[in-house]
Amino acid sequence: MEYSLVCHNLYAFSFSPVKNKLFLLGIMFLLWVYMLYSCVGYCATMPSLVVDNYRGKETGSVVGKRIENNGRGDLMSRLLPRPQPWVDIESDYDETSVRTSSRDLLNNDIDAYRGAEDWDEMRGEGQKVPEPGAMSSFSNGSGSKKLPQAIIIGVKKGGTRALLEFLRVHPDIRAVGAEPHFFDRNYENGLEWYRELMPKTLEGQITMEKTPSYFVTREAPARISAMSRDTKLIVVVRDPVTRAISDYTQTLSKNPDIPTFESLTFKNRTTGLIDTSWSAIQIGIYAKHLDNWLQYFPMGQILFVSGERLISDPAGELGRVQDFLGLKRIITDKHFYFNQTKGFPCLKKAEGSSKPHCLGKTKGRTHPNIHPEVVQRLRDFYRPFNMKFYQMTGHNFGWD
């Protein structure tokens with residue numbers, strides 16, 4: 001009798017509906033806690049997985065191993081076939097080998113001097129260049145860093161610095177001050193390194209950069225196209241003869257002992273044969289360089305700004321640029337005044353300042369006197385290339 005009573009009580013306890021529900025709820029609660037714990041642990045590892053996957057690092061957490069290229073895993077550089085070796089007229093800025101050609105040494109001096117100016121500008125703006133591999137905190141509530149939607153790709157000594165400074169007045173344009181040289185010198189650092197250089201932008205703002213040497217770098221069009229085929233390109237062009245003299249003047253101010261402009265211009269002064277191996281001459285053959293860009297970008301995605309009109313009518317040229325970028329014409333005549341001393345327009349109010357602003361002392365140098373015969377020989381040399389350039393762009397820049 002006692003045994004039956006005990007069994008009956010155990011049976012009632014074990015199969016009580018209330019107890020069963022509590023038991024099941026307890027199990028479900030434990031399972032929920034376990035799943036939540038597992039999810040938190042997994043999510044904590046997600047940022048590194050995304051970064052590793054994007055940058056192509058070999059890691060067991062990423063599905064599919066990627067082949068490393070020279071220790072770096074830039075996805076875009078692996079998808080894009082590596083270009084064939086090509087001697088870029090501005091790519092030997094850090095050569096350490098001794099050359100016998102005075103023109104090659106001069107080109108090295110030009111690039112070294114330009115690089116020093118670039119970094120001085122960057123330091124002056126309080127920007128910091130990240131080490132390769134540094135990651136950006138893409139968003140912190142005050143905008144995010146994006147790859148540029150528009151790039152000023154050239155040309156050197158054409159007026160690119162003036163154009164960039166003028167554009168930065170526009171509230172919908174954010175641009176890095178110094179020249180990144182990503183698509184010509186630092187491509188192996190990867191797109192994340194490049195993105196880290198960019199300023200933060202808000203929704204609707206355009207990210208920009210300018211590096212004039214891109215226009216003459218053979219690999220640059222393919223690399224920019226691989227980043228984004230929708231990138232808008234801006235080229236500031238100037239009379240190639242005046243541009244070459246300005247290029248030489250910049251180098252002369254740094255190194256007064258360089259050969260004369262005349263001796264560098266000709267392979268043989270007697271025959272009048274122009275030496276196109278000198279970068280100052282070669283950059284001005286615009287038609288040749290543009291042909292390379294048209295293999296990757298349609299003409300409608302490239303805007304050509306006149307360096308001469310950027311001086312004589314800055315508001316007019318800035319209006320064309322703002323239209324090209326799809327922006328409201330905010331930069332107008334009221335933003336400029338002409339500086340008689342420097343000989344070019346300056347901003348009445350620069351970005352983030354209430355004071356007038358002109359470009360630095362390295363801009364507007366006085367050109368040396370070049371013999372008229374040398375100038376005429378150069379004009380004769382450039383004339384057929386200029387005509388071809390006019391045909392390609394559909395615009396006569398009036399250099400002849």
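Backbone N, Cα and C define each Cβ position, glycine as well.
Keep in mind it's a predicted model, so treat the numbers as computed, not measured.
TrEMBL has this to say about the protein:
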TRANSMEM  22-45  transmembrane segment
DOMAIN    148-383  domain 'Sulfotransferase'
ACT_SITE  LYS157  active site, for sulfotransferase activity
BINDING   LYS157, GLY158, GLY159, THR160, ARG161, ARG238, SER246, LYS363, GLY364, ARG365, THR366, HIS367  3'-phosphoadenylyl sulfate binding site
DISULFID  CYS346-CYS358  disulfide bond
* Asked: Of all the recorded positions here, LYS157, ARG161, which one's CB has the most other CB atoms within 10 A?
  -> LYS157
* Candidates LYS157, CYS346, CYS358 (recorded positions) - the one closest to THR366 (3'-phosphoadenylyl sulfate binding site) by CA -> LYS157
* How long is the line from the C-alpha of ARG161 (3'-phosphoadenylyl sulfate binding site) to the C-alpha of CYS358 (disulfide bond), rounded to the nearest angstrom? -> 11
* Distance, SER246 (3'-phosphoadenylyl sulfate binding site) to LYS157 (active site, for sulfotransferase activity) (CA atoms, angstrom) -> 7
* Let me know the most crowded of the binding-site residues, choosing from SER246, THR366 and counting other Cβ atoms within 10 Å. => SER246
* **Alpha-carbon spacing, CYS346 (disulfide bond) to GLY159 (3'-phosphoadenylyl sulfate binding site), which is rounded to whole Å** => 13
* To do: Summarise the model confidence on the domain 'Sulfotransferase' (148-383) as a single mean pLDDT, whole number.
  => 92
* CYS358 (disulfide bond) and SER246 (3'-phosphoadenylyl sulfate binding site), distance between Cα atoms, whole Å -> 18
